[in-house]
Amino acid sequence: MSIACELSNPNLKKTKAAESSVGKWIIISKILLFRVFCGLLCLSALICLCFSFSSCICNNKQDEAAESSSSSKGMLFRNQNVSRSEIDAMLSLFFDSNQVTSFECRKESNDPGMLENYGITCSLSTRVEKEEEENEEEEAKKIKRHVAELMSSSSSSFEENEEGVHHELVVLFYVMNKWHWWWLVLSVLVGGHVIFEFHQRKIEVSSFLQDKQQCKRSGRWRKNMLRLGILAGVSLSVLWFWDTNEQLLFQRKETLTNMCEERARVLQDQFNVSMNHVHALSILVSTFHHGKTPSAIDQKTFSEYTERTNFERPLTSGVAYALKVTHSERERFEKEHGWSIKKMEIKDQTLVAGFDPAPVQDEYAPVIFAQETVSHIVSVDMMSGKEDRENILRARALGKGVLTSPFQLLKSNHLGVILTFAVYNTNLPHDATEEERLNATIGYLGASYDMPSLVEKLLQQLASKQTISVNVYDTTNASSVIKMYGSEVGDMSEEHISSLDFGDPFRKHEMHCRFTQKPPIPWLAIMPPGFALVITLLLGYIFNEAINRIASVEEDYQKMMELKARAEAADIAKSQFLATVSHEIRTPMVGVLGMLKLLMDTDLDAKQMDFAETAHGSGKDLISLINEVLDQAKIESGRLELEHVPFDLRFLLDNVSSLLSGKAAEKGIELAVYVSSNVPAVIIGDPSRFRQIITNLVGNSIKFTQEKGHIFISVHLTSEVREPFETEDEILKQRLGSDETSCNTLSGYPAVNATGSWRNFKTFQDHSCDKKTELLVTVEDTGVGIPFDAQSRIFTPFMQADSSTSRTYGGTGIGLSISKRLVELMQGEIGFVSRPGVGTTFSFTGVFGERERDSSALELLDQSIQEFQGLKALVIDSRNIRAEVTRYHLQRVGVSSVDIASSLATASGKLVNLDLVLIDKDAWNKEEYSDLLKEQPSTRPSPKIILLATFTTPSELSEIKSSGLVDEVVMKPLRMSVLICCLQETMGSGGGKKRQTNRKPKNLGKLLRGKKILVVDDTAVNRRVADAVLRKYGALVTCVDSGKAAVAMLKPPHDFDACFMDLQMPEMDGFEATRRVRDLEEEMNKKAECSRKWHTPILAMTADVIQATNEKCIKCGMDGFVSKPFEEEELYSSVARFFDK
Amino acid sequence: MELVQMQKSLQDYTKSLFLEGVLDSQFLQLQQLQDESNPDFVSQVVTLFFQDSDRILNDLSLSLDQQVVDFKKVDPHVHQLKGSSSSIGAQRVKNACVVFRTFCEQQNVEGCHRCLQQVKQEYYLVKNRLETLFKLEQQIVASGGVIPAMELGF
């Protein structure tokens, strides 16, 4: 047996190894999950198994055979009359898998539902080898085979041994006890595996199908798993119940057996003891009656003696001694005793001593002595009773005590048996023959046993007599069993039978025991599995709900995804539509505008002019709106890209302010620009987009500011703002320091604290310092503010604060949305803070490149800047911030030393050694000023006085000028160019000579003079015109009429400086020609690396200036395009890129 | 006195051409291109235009009269005409060409026929007017006058 165990162990190891190797090549997580699940099941099953195991062992009081095979074998051995070899063979079948086996597995009709899980009806003949055990399936098969073997072997023994059906079932039960857990685990494993395999195959097949279906399938898979789990749970609890119940029943049976056996043994012992005493009595009679002459015993002595020794025979109701009397001796005997031998009679089914003399017989057995209790049978011939006669005959033949079958005793009416001993005259040896015994017989001693009282008495002595009922039967004659004791009460279903040996081999007795009560309802067996079942069902319910929920959520998710995709598609379509439509509208609108412009140039009367101007203005508005929409659409469809060109931020802001100053002045709003000195002069970015944002924000501010206050544009580096306490920037300091209510603003009207608008910017939250220049631009106004409820949607396209806004102020509400997108494109953020009634401050950041100052662009200004260096200026302004702004502008034009005074009064002490005094109009007071001048010693030429005015009527202006108190009046917003002009005029340095009113510095003639240009056009007229135009600017023009000719001309080496190419030409169009030329150049460049790189600028000439065409031009290698017919400015700007170097 | 009258009428006539939309600013630019080194540049160009256009219109008529109209041939012709007319500033011809091209795109034969007629009409109009203009100029030159510079202020 231990060998079998050892054989099974390596198998186990092997399977483990096999499993691990299996795990290597299946790495899908689902499988892992499945394994974990199975493992958990196995674990729980194992724990249960251990429990059942130990309890089983305890209950059966077995040896501590922990090993299942050994214990099962023990069971088999004990309970079944199976030979040892048979068991060994069976066990070897169990565990020996390394040998060739042939087996059959059947679905047994009487098996308790275990095999249903397999549903196997198979006949296998497999050669199983160690090496083949590679995967789970084979493992499963192997175990299945074990089970099958078990079944077949037990069923075969079943057939062999029909008598032992009961035992066989017990064996089966025991085996089941050991194995059904494994079966369960296996069924779960195999079932799960089958389902999983099935599922996986399905997945493989349909892996290319839609996600949706997969999703459903996984839902179904989960459902299947759940069903399996519930099934397993239910069967587990049923099995548990069944198992516990079986154990209880077995225990009960065991108890019954023990009690029954105990009773039987006690009864038997008592009987035997009493029989021995009767035997002793017979010897007494033989010794003292027959051995002595004259006899030492007479009736009186006998009865007395027996009465007194009755305690030794508690079970006998009475003893009597009969003498063997032959017929020949009868007369003598009767005479001797003085009575005749009487016959035994049966009356009313009771034995009664008759008084009739016994009939003539060979032999008589008249009772001569009898115990007091049975004294009535003295002189009765025992041979006359049938039972007694047989008994006597058998007793004397055997020399042992023999028993009669039970019959009604005389008098007592109880069932009883008569024990008879023969009394011999000689001491016979044990092996005496029957003949010898017969001859030696001289008498018979009989004792009657009252069975019911006997058994009653006995049971009184034993414990728990209430729980079982005992029946005693005489089964000598198998066909008619005589009941000696007991009643037919109690639970008839289970009964234990013990055989009784009363020392008479001829007689057979049995004791039947049964419980008086039906087995109680096995709560112990019902409760725990019941709980397990409830838990399983609850879990199942919960999981089912969860699965349903998951499924519904997944479905919802799918729907959402679908909707999302549709929404996105719709959004893209919308953007494309907008882009297309806007473009389509813009093209004819350009025509409308052009025509209107032409119309305005014609002779119109005032009314017509007004109409035309209105139409033109509206058209321009429409164009700008369309441009905005187009921008929005472009941004949304992701087609907008930013340029990266160097530009001067301060110039750009000057431009913006001058552009918007008109509008601002109309409304009486003060506009100011301030750029921190830390911001580099030239930055790299997209100036037009930057300008668009600023224009947009300032435009909005102007729109929403009513008749008072200011709009203040300021630019700082974000690094400055990040460390506000280290900054040296006065403006920033003051603004950061001010609170909401303070009027320390540009115009004196309160404005919201600008810090709020950038507080949430990410760039201020993470302190990673970039190499690039990050600017923070704020636009502060004192407008109506944005209502709080509208603040959240301010950046949403086409959303204005409320619908009335568009009615009051016009506009589409697209501007801010575009600005936001543009800012995002500049890797910045936009934010705002607003208080209705106080104002709004917008802030945005943007990342720009930095470049050293572009000298050429500022060449002109540098000259004038040098003029003003070393000048000393005083700014008199009641508003600190405004004074700072003025200082900034002065410093820009080179006035380095600028002092600030808040009013004319305080300025008096500072007027010494000044070249310039700039007085804001708010601080201007004629009288005070006059006083100031008077105080001033006129030793030196008095400083030049410049008045800074925001809005002045022309009459006011002329009045101030004519008063002669000031030298010049400068209209705000301050701009560099304006300031330079003004300073030049007032300082008189260079006078007006250096002023350049016409700022068209270079003309085409200079640019194109002497350049060799090739014109390609198939139309003679066009050629002629282009030729003439270019010739006019001094270019040397060559004309060709086809793309082919152009390619031939432009084949390097050549000496053309540029080429103007028509796009639409027969045979070879402009695109194709350009492509060829570029190819040729490429070739040439490769060949002659040392010499100059060939790249002739090719400009497209086209009548329709559409963005798409432009892109196509660039794509095929052109450098730009000019519209046909040539316009001087456009031509200049296009050509300048190539020749202005 | 006569010369002044002639100059005045020339100016008025030119003005009327612009007002009618027969010509546009491009023609002015052409006139500006004419200088001492290139005294009859405008007439040269215009003559070229006439030659070109006559040929193109001829071709167009032929193409459109065919059973199956090959619009791929028609379109470049119209384009060419459009280009040259815009080059000399024959605005109405150019506009007619634009319409013509849209019909070409739609492959509308009937529309193309109508447009051809329209283009022809416009072309002959501009031809007529320009010829008259040149005649006037020649008269002025012949009588020793100077052609006044056009200052329409476009």
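Each Cβ is built from the backbone N, Cα and C atoms, and glycine gets one as well.
Automatic, uncurated: that is what TrEMBL annotation is.
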Segment assigned the feature coiled coil in TrEMBL (from A:263-290, A:543-570, A:571-598, A:1047-1074): A:543-570
Count of other CB atoms lying within 10 Å of the CB belonging to A:Asp1062 (4-aspartylphosphate): 28
Surrounding CB atoms that lie within 10 Å of the CB of A:Asp920 (4-aspartylphosphate), all protein chains: 19
Euclidean distance between Cα atoms of A:Asp1062 (4-aspartylphosphate) and A:Asp920 (4-aspartylphosphate), Å: 58
Tally of DSSP helical, extended and coil residues in the domain 'Response regulatory' (A:1012-1139): 59 helix, 24 strand, 45 coil
Distal contacts, the transmembrane segment (A:521-543) - CB-CB under 8 A, six or more residues away: 226, 229-230, 233-234, 236-238, 240-241, 244-245, 247-248
